[in-house]
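*Asks:* This structure is in structure tokens; I'll ask about it shortly.
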Amino acid sequence: MVLSERGVQDIRSGRRSRAASPNSHNSDESSNTDESEYSMKVGDEYQASIPALISSGPCPTTEVENALLVWAPCTTIDDERLDKYINEAKEKCGYNVEQALGMLFWHKYDLEKATADLQNYTPLPDEWTVEDKVHFEQGFQYHGKNFNRIKQMLPDKPLSSLIKYYYLWKKTRSRTSLMVRQVRKLCAQKDEGSGSEAPSDNESDMDQDKDNKAESSGKGNCANCFVSAQVYNTAKGLLCQACMQYFKRTGTLRSSGTMRTTSRHNPARSKKKPPRGMHLNYDDLVAIVTSANGEEDAILRSMDSEIISFKRQVQNNKQMISQLKHKMSAGIDMYRPPEGGSRINTRWNSDELLLAVQGIRKYGRDFKAVAEVVGNKTEANIKTFFVNYRSRFNLDDVL
């Protein structure tokens, strides 16, 4: 009877009654493991240790400094030698700029010791070879986003590196680079130029006249393809060199490049823009594409050195700003001009009366501050002035 009542209560509460079975021992063990796996841990041994409150005041001098300085600018090493050391550390040992500078600072700015010690602390490379990329794509195709199984195919890659590469690969796998697009565009222009018919004598004369009329107008955006390049003033507006040559040859504007939209209110919406922070120059792209083997690397290397110099300049500016902020935090008392010992004079002239009125207007009944404004009056003199000239200067209205 007791069992039946308990079964009825279980049915009402929505729980199933368990019947005794030969596998009841196994089911109890599995339920215990499930509960231990998903249960909430309660107790002192499972609680996080909360540190003491950190005060906002300055750190005492007896406190041990926990921060570790890894780099400070050095004036004894010129920029050329420093760039040479950084390039050697990057190309031969795979260091980044921060690691190379930290090694140099560790050896107290001794370039020879730092260069000799670079081989002893080679960082672990995080480079992805072609074979690693193929294995990752195959693993992603089979297992999806289960990175633990993908890691079995790439045991030398940590899980964080797999996830980082996945997000980079996901964004770039369906895109083509701007360099590839530009090469395709130039190839299409060459194909159009080779397929066009030879112009007649009259057309060549007209083209020659247009050549004489086309004048360079400096840098700007092409009215046809909207690229930033050297533009020329033609009958169709400001055109870049490629569009101008095509217009001279065919008499029409070329259709390659950025297409115009049918929007007549805002045609600038159709302008294709590069990613944020990237600025394209048509002349630079043409110089890289048409350059001989090895020259494009020299162009990119010069751009990298220019970027490094700009980064160094930004870092120097940040250090100067931090130094100025540190000096400013100490106060400006040391820069105040020394106050001369002015003699106290109880007589009032017209300038001192005006200063006292303005001081009362600004500081109110703070007679000490007003006395500092006037200069040669004490706090008692300002109180006497307030009582005597209260009605004359309407000091109540001023307050």
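Every residue gets a Cβ built from N, Cα and C, even glycine.
Remember, predicted model here, so these are calculated numbers, not experimental data.
For reference, TrEMBL lists these features for the protein:
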- 207-216: compositional bias 'Basic and acidic residues' (COMPBIAS)
- 262-276: compositional bias 'Basic residues' (COMPBIAS)
- 38-122: domain 'ELM2' (DOMAIN)
- 123-174: domain 'SANT' (DOMAIN)
- 343-394: domain 'SANT' (DOMAIN)
- 1-38: region 'Disordered' (REGION)
- 189-219: region 'Disordered' (REGION)
- 255-279: region 'Disordered' (REGION)
*Asks:* From the DSSP assignment alone, can you count helix, strand and coil residues within the domain 'SANT' (343-394)?
*Replies:* 32 helix, 0 strand, 20 coil
*Asks:* Please spell out the DSSP helix, strand and coil residue counts for the domain 'ELM2' (38-122).
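*Replies:* Once the DSSP states are binned, the domain 'ELM2' (38-122) shows 39 helix, 0 strand, 46 coil.
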*Asks:* If you average the pLDDT over the domain 'SANT' (123-174), what number do you get?
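*Replies:* 84, rounded to a whole number.
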